[in-house]
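Q: Got these off Swiss-Prot a minute ago, pasting:
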- 1-22: signal peptide (SIGNAL)
- 52-496: domain 'ADPK' (DOMAIN)
- E297, E328, D481: Mg(2+) binding site (BINDING)
- D481: active site, proton acceptor (ACT_SITE)
Amino acid sequence: MALWRGSACAGFLALAVGCVFLLEPELPGTALRSLWSSLRLGPAPVPVGPLSPESRLAAAWDALIAQPARRWRRVAVGVNACVDVVISGVKLLQALGLSPGSGKDHAILHSRSDLEEAFLYFMGKGAAAERFFSDKETFHDIAQAASEFPGAQHYVGGNAALIGQRFAANTDLKVLLCGPIGPKLHELLDDNVFVPPESLQEEDEFHLILEYLAGEEWGPFKAPHANRFIFSHDLSNGAMNMLEVFVSSLEEFQPDLVVLSGLHMMEGQSKELQRKRLLEVVTAISDIPTGIPVHLELASMTNRELMSSIVHQQVFPAVASLGLNEQELLFLSQSASGPHSSLSSWDGVPDVGMVSDILFWILKEHGRSENRASDLTRIHFHTLVYHILATVDGHWANQLAAVAAGARVAGTQACATETIDTNRVSLRAPQEFTTSHLESGSRIVLNPDKPVVEWHREGITFHFTPVLVCKDPVRTVGLGDAISAEGLFYSEARPD
C-alpha cells in the first residue's frame with residue numbers, strides 16, 4: 001500500500017511540474033532544475049551535445065575496420081635494422097657546443113657544422129629527414145654523447161625492424177627479421193620476432209634521432225610541427241650486407257608476404273656499388289617464388305640518380321606494393337620527370353589532387369597492365385594529416401579497412417595510447433579537395449561519419465582517409481613504418 005502511495009505521489013508531482021512547464025514556459029532553466037531536484041526525483045537529465053568530428057571519425061573507423069578474408073600467416077622482413085637513440089635535438093646540439101646559424105640542407109653530413117645546419121633547415125619546415133654522416137670518428141663521439149645524455153632513450157630502429165615489431169604485435173603471425181642485429185637490438189626485439197643466427201653481429205648499428213616539438217624554437221627557427229632528424233654512420237645497412245642472408249632464409253621460412261626496406265641507406269655508397277647492389281636486389285627479389293607479394297618501404301632520400309635507378313632498374317616492376325610519404329613521393333616524381341615535378345617542395349599540407357596525380361602516374365607508368373609485365377599494383381601514401389591507398393583494380397581486397405587501420409594507428413602510436421583518445425587528437429585534413437589537377441577531378445567534401453572516400457581513374461582505385469593527428473606526440477619515429485605494417489596487415493592480396 002505504501003509503495004502504491006509513493007508511486008501515486010510521484011505521479012502527481014510529475015504532473016505538477018508538467019503544469020509549471022506549460023503555464024510558465026519562460027521560467028529560467030536553473031529554477032526548473034532546482035524544483036526538479038527538490039522533489040527528490042533525481043537530477044534533471046543533462047542534454048548531450050553533438051559529438052566532436054574527432055569522436056565521430058574514430059567511431060566510423062572502428063565500424064569500418066574488418067579483418068581480411070585471407071590473412072597472412074608468415075611475414076619475412078628485411079634488411080635494415082639498428083638501435084635508435086632518441087633525444088631532444090636542440091638540447092643535444094647545445095650540449096655539443098653548437099649555436100643556431102643559418103639552416104641549410106646537406107645531402108651528406110661531413111661535420112658537426114653540417115649537422116647543425118641540416119637540423120635547423122628541416123626543423124624550420126617541420127619535416128622529417130635522414131642523412132648519412134661520413135666521418136666515423138666524429139659520429140662515434142656524437143653517438144656516445146647522445147647515448148649517455150640524460151633522458152636519452154634506446155629503441156628498436158630501422159624500417160625493417162620497426163615493421164617487424166609492428167607485425168609481431170599480432171601473436172598469431174610468425175615474423176622473420178633479417179638485418180645487422182647486435183646485442184642491444186636483440187634485447188629490444190619482441191619475443192615473437194625470429195632472427196636467423198647469420199643476422200647476429202657483435203656490435204649494434206646506432207642511429208641518432210633528434211626530435212623537436214611543435215612550436216619549439218632555436219635561434220630564429222621555429223618548428224611548425226613535431227618531427228625528427230635522423231643521421232647515422234651505418235656501413236652494414238648502407239651496403240645492405242644482410243640481403244643475401246635474407247633471401248636464403250626465405251626458402252626455409254616459407255613466408256606468404258615479404259617486406260623489403262633499406263635501399264635509401266645506400267646513399268653513402270659509391271655510384272658503382274649502388275648500381276651493382278641494385279641489380280643484386282632485383283635478382284634477389286626475382287628469386288622469391290611467384291605468388292608471394294613483396295612490399296618495398298621507401299625512406300628519405302636526396303640522391304636523384306639512386307632514386308631514378310630504383311624506379312627504372314626493374315626494382316619497381318619486381319615489387320607488388322610500395323609505402324612512402326610526401327617527401328619521397330615528390331622526390332620520386334622529380335627524379336623520374338613525373339607530374340608536378342617542377343614543384344620544389346610541398347607548401348604546407350600536400351595537395352590531395354597533386355598527390356593523386358603522382359600516384360596515378362606511378363601505377364600507370366610502372367605498374368601492372370595488359371602491356372607491361374610488372375608486379376606493382378599497390379601504393380600506400382602517408383602524410384601527417386591524411387593517407388591514400390591506390391591500387392590497380394582486381395589485385396587487392398579490403399583496402400578500405402587497410403587505409404583506415406593505417407590512419408588509426410598513426411593517432412594511437414603518436415600519442416602512445418591503445419585506442420584513439422579524442423581529447424588528444426585533432427582533425428587537420430583539408431575539408432574540401434579535388435581528386436586531380438591533370439584532369440577534371442571530383443570535388444570531395446570531408447564527412448567525419450564517412451571518413452574513407454573512394455574514387456576511380458582508368459582502372460585504378462583510390463581510398464582516402466584523414467588522420468587524427470596527436471596534439472602532444474610522445475614519439476614520432478617509426479610512424480610511417482607502423483602505418484605501412486598496419487595497412488598490410490589488413491590487406492588481402494588476390495591470387496593471380
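Any Cβ shown, glycine's included, is placed from N, Cα and C.
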Q: Mean pLDDT, the domain 'ADPK' (52-496)?
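A: Result for the domain 'ADPK' (52-496): average pLDDT 94.
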Q: Residues other than E297, E328, D481 within 8 Å, Cβ to Cβ centroid, of the Mg(2+) site?
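A: Leaving out the recorded residues gives N159, S261, L298, A299, G323, L324, N325, G480, S484.
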Q: Work through the binding-site residues one by one (E297, E328, D481) and point out the residue whose CB has the fewest other CB atoms within 10 angstroms.
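A: Among the binding-site residues E297, E328, D481, the lowest count of other Cβ atoms within 10 Å belongs to E328.
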